Every structure is written in C-alpha cells, then in structure tokens.
Ligand SMILES: CC(=O)N[C@@H](CCC[C@H](N)C(=O)O)C(=O)O
C-alpha cells in the first residue's frame with residue numbers, strides 16, 4: 001500500500017461525526033483489495049469492524065482508529081487540501097485511518113495465531129461514536145480481549161511513542177448554555193434584560209471555578225470557544241449562547257465543576273432576571289492506560305528499539321476512554337513533528353510517521369500473538 005497516497009486521499013474528504021459516508025466507502029474499497037481468505041467485515045453506522053481470523057486464536061486483539069474530521073476551514077496550502085469546504089482532518093484522523101489500514105494489510109498478508117479486530121470508529125470529535133459502538137451487537141460479537149489505539153502528537157519528533165501508565169487523557173464534557181431575557185431598543189436598557197451583558201458576566205466569572213473551587217493540587221480546565229447572541233448593534237439582545245468544554249482529571253472533579261457552573265448560572269438568572277438552559281452535550285470518560293498492558297507495550301518498544309518518551313497526562317479528551325473502561329489496553333501519542341497543533345487550520349503532520357507507526361502497530365500485534 002502506498003501510505004502517502006492513501007493518507008492524501010483521506011485528507012481530501014474529511015466528514016463530520018456520523019456523516020463519514022465517503023470515508024466509509026473509501027475504507028471498504030481499500031479493505032476489498034486485501035486478500036479475503038481470513039477477512040470478515042461488519043459495518044456499524046458509518047464505521048467498520050474488520051476481523052482477521054488467526055490460525056488458532058487464543059485471544060482477540062483490537063486496534064482502533066477514529067475516522068471523522070472537524071469543522072475547520074483548512075489553511076495548509078496543501079495541493080491535496082480538503083475538498084469539503086469548511087471541514088478538515090485537523091486532528092490527524094486521516095493518519096490514524098492510514099495506519100490502521102497499513103497494519104491491517106500487514107496482518108492480512110502475514111497470518112498470525114490470534115484474531116485481530118480493526119475498529120474504524122466514527123464521531124470521535126462529537127457526538128461520540130465509541131460508547132454506542134461498544135454497546136452495539138456488531139462490536140459485542142467480536143469484542144477484543146485487549147485493545148489499543150494511538151493519537152498523533154505534533155509536539156514530538158516523528159515516530160516517537162509518548163505514553164504513560166494510568167491516566168493519559170482527561171474526562172471531558174461539552175458545555176452549551178442558552179441565556180434568554182428581554183430584548184429592546186438600545187437606548188432604553190432599563191426596559192430590557194440584556195443577554196450579551198449576562199453572558200459576558202458569566203464567562204468572566206466562570207474561571208473562578210478553576211481558581212477557587214478546584215483543589216490547586218488537582219487540575220481542571222473550562223474553555224469557552226464560542227459566544228453568539230443578539231441580532232443588530234442597536235438592539236438589546238434577548239438571547240445569547242455560550243459554547244465550551246470542561247476538562248477534569250477525575251470524574252469527581254468533573255462533578256464538582258458542573259455543580260459550580262450550575263450555581264453560577266443560577267446566580268446569573270437571578271441577577272439578570274433571565275432564564276438559562278445548560279446542555280452538557282457529549283461527555284467522554286478518561287483515557288486510563290492499563291499498567292500491565294502498557295508495560296508489555298513498553299517491553300516490545302524496547303526490544304524493537306522504538307523511541308519512547310514517558311509523558312505527562314494531557315487535558316485532551318478521547319472517547320477511546322470508553323473502550324479502555326471496559327477492555328484492558330492503552331493509547332499512545334505518536335510524534336508527527338508539526339509546528340501547528342491539533343485542531344489548527346495549518347496542522348501539517350510529518351508523513352514519515354506513517355510507515356514507522358504501521359511497523360509499531362503491526363509489530364506489537366505480532367509480538368502479542370507470538
Ligand atoms: C484529541 C482531541 O483533541 N480530542 C478532542 C475531543 C473532543 C471532546 C468533545 N467534543 C469536547 O469538545 O469536549 C478534544 O477536544 O480534546
């Protein structure tokens with residue numbers, strides 16, 4: 001397989017969560033080109049499960065790739081840039097899919113003892129495909145005994161594995177708050193309840209939850225990424241919407257932060273005489289690396305001379321955490337050396353990481369099955 005061509009073809013067609021129709025068709029077409037003797041395929045929504053039957057299986061090994069893109073207008077200047085206006089593979093899922101396809105090809109062409117399931121999961125960026133996929137009959141039928149996955153990391157050198165035992169990624173929750181008040185003429189503020197002012201007060205006081213309600217030895221993040229409201233510069237806004245995300249290192253801290261947000265929103269309702277509705281959108285469970293499985297991966301990396309860095313926890317989220325809650329395994333960062341970070345319109349991961357990662361992933365599957 002020409003990995004760079006595959007990655008570029010996928011890069012051209014980023015699709016949002018549960019709309020990955022072209023991506024699914026592309027992946028199915030590539031899977032069809034592999035030797036079919038030991039392959040079984042199931043489609044689940046816009047995702048795919050591929051099983052490679054082992055010669056005399058003792059365990060089922062799972063490798064997961066996410067497949068969705070982000071609503072970002074690409075600015076990389078690539079001649080293979082996104083053909084889908086306003087969407088971009090800005091979180092490296094084009095890399096993840098290419099690596100999964102490459103490892104699948106290696107295992108399909110070189111039979112091993114154990115069964116291997118390659119999981120192409122939709123909607124990681126939202127609303128979250130991992131949990132419903134995990135609960136599906138299709139997944140249950142081929143449930144792995146061990147599962148692993150990777151995520152590209154712009155800040156590490158190409159091909160470096162960054163990993164830690166235990167907590168790797170945070171608990172996350174989306175946050176959407178709609179404020180509703182009374183609009184009116186800009187010249188008569190005393191006759192209205194201005195939701196631009198209410199939302200602004202809320203956004204500025206929100207950070208005091210992190211500085212005054214979360215134990216300073218613990219960590220949490222609240223980011224507001226979008227505010228909308230009002231209709232015209234000389235009309236007092238009767239509505240405003242605040243959109244953000246919450247990150248916490250434990251489910252308990254997540255509960256505390258949400259409780260405090262609800263208190264503050266209640267206060268805004270009182271002081272601005274308005275109504276507010278909170279919606280927590282998609283919630284992801286923390287990514288917690290099983291210490292024994294991580295140790296076995298570290299031993300494999302050492303044996304094969306793959307460069308490893310033991311990293312700190314990150315406040316990123318991943319719905320892969322739901323798989324790891326149920327099945328022992330791990331996730332690791334794969335260095336792709338890009339000046340621009342994840343979720344940036346100019347993310348340019350180094351394609352040399354692709355073949356290195358295919359070797360790491362297929363090699364570990366072979367190591368587990370030896
Ligand atoms: C690796 C990564 O960047 N993951 C995303 C996950 C999104 C979670 C959810 N949609 C949210 O915004 O809270 C991240 O933003 O960390």
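The backbone N, Cα and C atoms fix where each Cβ goes, glycine too.
Within 10 Å of the C-beta of residue 66 (active site) there are 28 other C-beta atoms, taking all protein chains into account. DSSP classifies residue 66 (active site) as strand under the three-state reduction. The annotation active site is assigned in TrEMBL to 66.
According to TrEMBL, the feature active site, proton acceptor maps to 125. Within the same chain, residues at least six positions away from residue 125 (active site, proton acceptor) with a Cβ under 8 Å of its Cβ are 16, 17, 66, 68, 69, 70, 91.
Under the heading Mn(2+) binding site, TrEMBL lists 91, 93, 125, 151, 343. Packing around residue 91 (Mn(2+) binding site) is summarised by its Cβ count: 23 other Cβ atoms lie within 10 angstroms of its Cβ, all protein chains included.
Per TrEMBL, the feature domain 'Peptidase M20 dimerisation' maps to 177-265.
Each residue in the domain 'Peptidase M20 dimerisation' (177-265) gets a DSSP state, and the totals come to 36 helix, 30 strand, 23 coil. Checked against ligand 1, the recorded positions 66, 91, 93 give 91 in sequence order as having a Cβ less than 6 Å away from one of its atoms. The candidate set comprises the binding-site residues 93, 343. Of these, 93 has the most other Cβ atoms within 10 Å.
Following the DSSP three-state reduction, the secondary structure of residue 151 (Mn(2+) binding site) is strand.
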